[in-house]
Amino acid sequence: MPKRSAEDIGRGLAVINGKLEILQRRNADFARIVEEMERLRDSTRAEKAALEAAARELEESKYPINWLPPELLAEMFLFYCADDDDAAEVVPYYRPPVTISHVCRKWRELSLATSALWSRISCRSARWNPEPFRVFVQRSRPSLIEYEYSMPPQGTGEETLLDLEEAHRMSTILPDMLQNMHRCRSLVIEVQTPLRIRDVLDMFNSATLDFSHLQVLDLGISEPNPSMDGPHSLLANNRLNDVDESIKAASAMSTKFSALRHLRLHQIPLFNFPSGFFSSLRTLELSFPAPASGQRNRTRNEYTLRMSTLCPFLSLTPLLEELILSDTIPLFDVRPLHTDPSRPATSNAVIRLRRPTPTVELPHLNRLEWSYPDAYYIQHFLSYILTPALEKLDLCLDDPSLKPTVSGHAAHTSGDGYHDPSGHHPSEAMQYPLLHTLSIQCVDADVLGTSLRRLSFPALESLELANVHVQAREALSADKGDPDAVVSFPDLHIALPRLESIFRDPRLPHLTALTLSHFDINPEHGRAMLAYMPALQSLSLDHCRGTAEILEALTESSVTTAKAHGQGSVLIKKGARLCPRLTALAFWGCPDLRPPELINAVQRRNTRRGDEEIRVVASGPEKVVADLTGRRIRPLRKTRPLLEAASTPNGGAPSATPSEAAYGTAPITSVRIEGCPLIEDIHRRLLEGMGVTDVCLT
């Protein structure tokens, strides 16, 4: 190859460098074009995503649920989670928040941002997994937590959990629970045996834990009639001497439980908590079921609720507003201090003389609910507590056939003695001047008088009487579709008794609402009952028979007269004889409710308004009443002061008495009917045409 000269080499390099520059410019152009294309592609992708989001938003706007603002939607989520009760479902954690978070992206973002949605931490399954527990705790910050721990319900196949397995599970749950106790608002724990609840009770006596936010506490033992025997027995502190010491002790720990408002104890001995624990309680529920019929009696190792313990316990709750005794009958081993000790007692009234105990005053208690007491126990129990502010009384009376005998009920006390309430009654009726609502459920109507005859309710406004006899309810529902079958009624002791046999004073001048459920109403008793309720505004009958006679009684009229202006003029007023203030009627499942009686009653009362006229008579108002009513009325002799009081300075008529002032008949404005086969839609239109503004027919 010939040797090239320097000039040739220079020219070759110049040509190559020129080509390289051209290629570099091309690469730069290509890079710029690629960058612009990528930018255009990204812009296209972004525009596409925006359009897709707008399309989704428009598509979602078709559904009203998406019109709601996030704040309102979050409140709906909270309401759903609070209302959803999956107690019958055995799950390792509370599912509703998880269900909501898996609906869509928007709901997931909103649910994760709503900490209160994850505040309920529940475990009702043997398949314990700590991971959901910790996730819920993390997502619930900074909201307060609601802990719930209980055994699987009966029938789920997991109720045979051994005590050792439960102990292992409690040892896993409690440490995590204690770490977040300062955020705990509600704590619900139900264990199988007393040994496990001992671990829970110990934490309330800890000086390091913070319970300043604890508002609701529910503790229970699921085992029926559990034995408290063991190295750490729950009965160790359940003596009266310990109670006295607890009352006298300084309440240094009371500030730790200042937020506690609701307490429920199921088979938990009362005095296993620190001093000051109950000082701020508003609601207290105690549940100590007695052994079932045919089962063995209690032993010394089983807990028995006694009045000697309950009275001092209630004295520690000065702010209590609501007391609930659920399937609980305390043992009356003491007598109230105000009881007359000289009163003679029969041999089966007092087995052994017990020392007196001071009555407990609960000045703020406004509601008392008691399920399954015997009728004899009610009045006797109330003699131990003073409740001047009691407004509501709810009783569900036990079946008299299941009433425990003195010997049988006392047997489970192991010889500690027993006071039979049926052998003691206060000499005077117990007055409840503020009580305005009374609800009683009974199996035998005859026990109503036994439970209420020694109680007085002068300001009663609402009364509900319900028969809960299972056979009676089945009989009332059997003939629902056969109106002719109501003439025969099986003897199931569900006839409504006379009001005189229920109350000490049958007159209920302030009663405005009456509800009767599953009763056979005798015409005479029903008419007499309504006569004692002149201020009645609402009458509700639930699966009752005898509605035709009740409606017929409501059509009865009465006539009154008064002197009008002018000599010989008499003002004549016609109105309803019974319940002139009645405005609302309700019938549920009444098989003998017939259209003619209903239409006639409403028509008579709604067209009776303003039935008054002035007549000029020569023989006085007595003759007018005799002509209108068809019977002779002989006037009573009046004393001189009454005659002087009858005249007024201006010569007008005397002022009306309270009964006369309220005599005008009020129209029926509300009729609600459900499950009555003889009432049809055409009758609803007839009622509306008579001026009934609120008609509900289902």
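Glycine too: its Cβ is placed from the backbone N, Cα and C atoms.
As the structure is a computational prediction, the values presented were derived from the model and not from experiment.
TrEMBL lists region 'Disordered' for one of the ranges 351-374, 543-566, 615-638, 639-662, namely 639-662. TrEMBL tags one of the stretches 20-61, 188-229, 230-271, 440-481 as coiled coil, and that stretch is 20-61. Confidence annotation: the coiled coil (20-61) carries a mean pLDDT of 91 in the model.
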